[in-house]
Amino acid sequence: MIDKIQANVEEVKKKHSAILSAPQSDEKTKHELEDLMADVKKTANKVRGKLKHIEQNIEQEEHSNKSSADLRIRKTQHSTLSRKFVEVMTEYNRTQTDYRDRCKSRIQRQLEITGRATTDDELEEMLEQGNSAVFTQGIIMETQQAKQTLADIEARHADIIKLETSIRELHDMFMDMAMLVESQGEMIDRIEYHVEHAVDYVQTATQDTKKALKYQSKARRVSDHFNEDSFFTNLFLFCFSLSLVRLPSSLRHCDSILFHCV
């Protein structure tokens, strides 16, 4: 379902470009855009519900002191899906905001054509009023071009109102999931830290083990000439090898740390 949202977001971008490049308002394309936005909202709510359900099940198992490989796998999957969902919805929100800015710029240019220059602050104030009449006051409707300009301004204003409604509707859901992913991010960072250090320790231990085996091999050749000392020599080298490959205490506990973090 997340892939479906991502595909719809790409289609939304195409519709935005088509609407803005059209010389006149295209109602068919606008309806298709509205259908896409409605589908994104519907699917996003389903994904959020499923992720919440998975999270609740995981918490219940944790409270019952259950610890299994299956639980850790599901926690990792939940974290991955949550991150991907937030990334897709972030892109969707960015797409909506970008379209709003482009509509706003279009209105500003159209107002300049009619001889009414506005600053960004003035335009924002007009948009907040939610009434397209504030944009068209003083425009003389004597020519067809003026009428088309007026229609375009009103259409862009209507688009912005719909966009703001859509953004508000998704805001709470987006923030909820973003906070969840942020908390998971700290957990994942801890896991990566311990794994990286564990890899370093293993690499060092491997190198030391090779050295120990090399020393032991040499000692065995020497022991052919000193049979009576062979037992003590090999015993010493065996203990020496073990001491070289002994990992730090933090690595010995790495597995339990990962289990707690995942």
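Backbone N, Cα and C define each Cβ position, glycine as well.
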Tell me which range among 37-64, 93-120 TrEMBL lists as coiled coil.
37-64
If I take every residue in the domain 'T-SNARE coiled-coil homology' (150-212) and average their pLDDT values, what number comes out?
61
